[in-house]
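Worksheet for the structure shown next.
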């Protein structure tokens, strides 16, 4: 049976010990290292090149959600299983959209964690069975479609508009001309079929086009 190297990222000793004990009967899941904050993840990934990363979202030093896209880009073959206390479905959606392969609640049984590991190990997606999988996948697909409406640059401009930047401020921030900023603004309004900035922002929030 193929051996899978696992890097465990969690700052709670009881969680670390619990996972290690749960995997003792399954030697093909080998925990090669565990670290306790987000800042240590990169060095550990470079050193051990894990097949699976078990990641908590609440970490000292850096938010687990923030590092998922970077890890996914740097190590695309590494599967990321988020192991968290957050039960909100919107967090599941954001986590999977960021590039995680699985989402498991810490309140779930060891059998659920094992099932999740077995699933993500073969490059499939796993969602904790206590969550509404169909609703999450529907929202995830809708988010993907919505994001494709706007270009990356348009989303950057949109975020700065939401933060209160003027056209001049956006042009300086993104190193583009004011004319280009105005063009992006008009294109976004046309795509979302709105006529005012307030309508643009309200529509963008409803469609989850603005990241926080």
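The backbone N, Cα and C atoms fix where each Cβ goes, glycine too.
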Which range of 167-186, 187-206 is DNA-binding region in Swiss-Prot? It is 167-186
Cβ atoms near residue 203 (S-nitrosocysteine) (within 10 Å, other residues, all chains)
16
Please report the DSSP secondary structure of residue 203 (S-nitrosocysteine), reduced to three states.
helix
Cα-Cα, residue 203 (S-nitrosocysteine) versus residue 56 (4-aspartylphosphate), nearest Å, comes out at 32
DSSP tally for the domain 'Response regulatory' (5-121), helix/strand/coil in that order, comes to 54 helix, 26 strand, 37 coil
